[in-house]
Each structure stands twice: as C-alpha cells, then as structure tokens.
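What TrEMBL records for 38-178 is domain 'Fido'. As annotated by TrEMBL, active site applies to 122. Residues or ranges marked as ATP binding site by TrEMBL: 126, 127, 128, 129, 130, 131, 132, 133.
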C-alpha cells in the first residue's frame, strides 16, 4: 500500500513496477498451494518472490533486530519463530474446522485475522504488509471468496491499529467488508 521502503526511501518507478509484477507472479504461483501447507519456509519463499530481487528488502530473511512500525514494536526477534509457529498452528486448526462447514464471513474473518497477526508479528524487515495482504488474498481465494483490495489507507491502518492495541478485529473486518464491496 505504501511507496516507501522501511528505510524511508521512496521506491523508484522501476522498483514499484518490479514489486507489482512480483505480486502478480506470486498470486498465480500460490493458487495451487493448499492452505494447510502454510509454514515458515513457505512464508519465506513468498517473501523472496514479493521482494522482486530488491536486496534492501532482505528477501526471505527473518528479522534479527528490533523494529517499529507506526507506533508499534514488532515481536522481539528471538520470539519471531515461536510466534510464527503459533500463528500457523492456530491457522491449521481453524482452517480444518472451516472446511467442515463455514460461512463466507467466517472464512473472511479467518483470512483477515491471519493477515493482522502476521503484521503484528512483523517477521521481516520490509514487505510485511505486502506478504500479509497476499496471505489474506490467498486464503480468501482458497475459501472461494473474492479478495479485498484496500483502497482507503487511513481506514485500513485504523483497523490494524485497533487490532494491534486490543486484538479486536471488528473495525478491520468492517474495513475489509467495505473493501470487498468496492471491488464487486
């Protein structure tokens, strides 16, 4: 959604174009991947693809230093692997339950939660938002839903901020539903 690298430098037009192409490539490449295949190496491979060969994004490397994004601190580097494993384990249990019978809204809420949790963990130096939105898109597609495309950045960030402060997904779900409605 943003046009700045985590170092504060704007992406060049060529870098933005490469990042857009990488997102399309990953969207196509991830379609046949089943949701229960989600694991840390898959997230790292997807991060490499989304990084479009830009070395400043540190493709596929889990963060080893502290980071802030907005007014939040990312998960402490030593805890990133554990937090990712917990996220993946919860996802796998919930996805299995969803396949036994669920509503579209339950699938959308799960995909939005996975996306918000990945952003809260912030496992990579850069590209966490792109990866989290791709993960949400992928889970929506796997659940037979269209994917949200967030157009109103302030509302999207407000939903994420609320989630990061309270773990309440309500505002982010409202923003997500609005994003879906505007794309149909």
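Cβ coordinates come from backbone N, Cα and C, glycine included.
Note: TrEMBL annotation is automatic and uncurated.
Sequence features annotated in TrEMBL and their locations in the structure.
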| residue | record | DSSP class |
| --- | --- | --- |
| 122 | active site | coil |
| 127 | ATP binding site | coil |
| 132 | ATP binding site | helix |
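If you take the Cα of residue 132 (ATP binding site) and the Cα of residue 122 (active site), they are about 9 angstrom apart, rounded to a whole number.
The Cβ of residue 130 (ATP binding site) lies under 8 Å from the Cβ of 19, 23, 50, each of these being in the same chain and 6 or more residues away along the sequence. Close to the recorded ATP site, the chain also has 47, 50, 118, 119, 124, 134: residues not among 126, 127, 128, 129, 130, 131, 132, 133 whose Cβ is within 8 Å of the site's Cβ mean position. Within the group of binding-site residues (127, 129), the Cβ with the highest number of other Cβ atoms inside 10 Å belongs to 127. Long-range C-beta contacts of residue 128 (ATP binding site), restricted to its own chain and to partners at least six residues apart, with a cutoff below 8 Å, comprise 69, 118, 119, 122. Other Cβ atoms within 10 Å of the Cβ of residue 122 (active site) number 23 in total over all chains.
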